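**Student:** In case it's useful when we look at the structure, here is the feature table from TrEMBL:
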TRANSMEM  A:55-77  transmembrane segment
TRANSMEM  A:98-115  transmembrane segment
TRANSMEM  A:121-140  transmembrane segment
TRANSMEM  A:152-170  transmembrane segment
TRANSMEM  A:182-202  transmembrane segment
Amino acid sequence: MNIFRLAGDMTHLFSVLVLLLKIHTIKSCAGISLKTQELYAIVFATRYLDIFTNYISLYNTIMKLIFLGSSFSIVWYMRRHKIVRRSYDKDQDTFRHYFLMLPCLILALIINEKFTFREVMWTFSLYLEAVAILPQLVLLQRTRNIDNLTGQYVFLLGAYRAFYILNWIYRYFTEEHFVHWITWISGLVQTLLYADFFYYYFQSWKNNVKLELPA
Amino acid sequence: TKDQVAKDEL
């Protein structure tokens with residue numbers, strides 16, 4: 001494991017913790033897209049199918065359990081918790097997220113490294129993760145008042161993707177046989193989706209004003 | 001193997 005991978009995993013972990021902190025302590029999920037959270041739950045469920053059959057390291061297993069547990073509990077909070085769900089911006093969060101899943105599944109059936117159930121599911125999770133942030137970005141754009149925690153959540157997610165790209169560059173030069181087009185291209189697409197957000201995030205930080213995305 | 005390398009990430 002290199003420093004970029006670790007930094008990527010940690011920013012990913014912090015993003016989830018920030019979100020859970022917001023939901024659990026403030027009892028609010030205002031500004032958070034349930035559509036994006038449901039997509040992440042599906043992403044982790046389909047990617048970690050091998051969690052108990054393919055052991056890599058204790059670190060990997062624990063992190064997988066954290067991401068699975070946190071993503072499903074966030075969805076539970078937003079759908080079922082009697083206080084939290086009242087703060088959900090249902091009318092603003094209208095992205096038709098199920099329509100993202102079908103193209104990702106078809107693409108995974110066509111473009112994969114091996115045509116097996118596990119491999120297709122794993123590829124599907126990569127494609128879906130690449131676009132899963134879209135409902136959240138649309139919601140951010142509609143929300144006039146982006147609170148700090150929501151802004152930090154999306155920033156940390158974007159940072160996680162950026163670190164993963166550095167990790168792949170590092171691994172490409174330090175390891176043999178490390179060419180994974182599917183992972184790289186879907187990862188790059190995913191990171192580029194954050195470019196616009198990053199621009200406005202740094203602008204607001206530099207000028208010390210509240211984050212607001214242009215409509 | 002190649003597969004192992006891809007799957008060791010999260």
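The backbone N, Cα and C atoms fix where each Cβ goes, and this holds for glycine too.
Keep in mind that this is a model prediction, so the values were computed, not measured.
Neighbours and distances for these, please.
**Tutor:** A Cβ distance under 8 Å defines the sequence-distant neighbours of the transmembrane segment (A:55-77), meaning residues of its chain 6+ beyond its ends; these are 1, 9, 12-13, 16, 19-20, 23-24, 29, 34, 37-38, 40-41, 43-45, 48, 84-85.
For the transmembrane segment (A:98-115), the list of distant contacts is 39, 42, 121, 123-124, 127-128, 131-132, 134, 182: same-chain residues at least six beyond its ends, Cβ to Cβ under 8 Å.
Outside the transmembrane segment (A:121-140) by six or more residues, the chain places 31-33, 35-36, 39-40, 42-44, 46-47, 49, 89, 92-93, 95, 97, 100-101, 104-105, 107-108, 111-113, 146, 150, 154, 157, 182-183, 186-187, 189-190, 193-194, 196-197, 213 with a CB less than 8 A from a CB of the stretch.
Outside the transmembrane segment (A:152-170) by six or more residues, the chain places 2, 4-5, 7-9, 11-12, 14-15, 18-19, 22, 32, 133, 136-137, 140, 178, 180, 183-184, 187-188, 190-191, 194, 197-198, 201 with a CB less than 8 A from a CB of the stretch.
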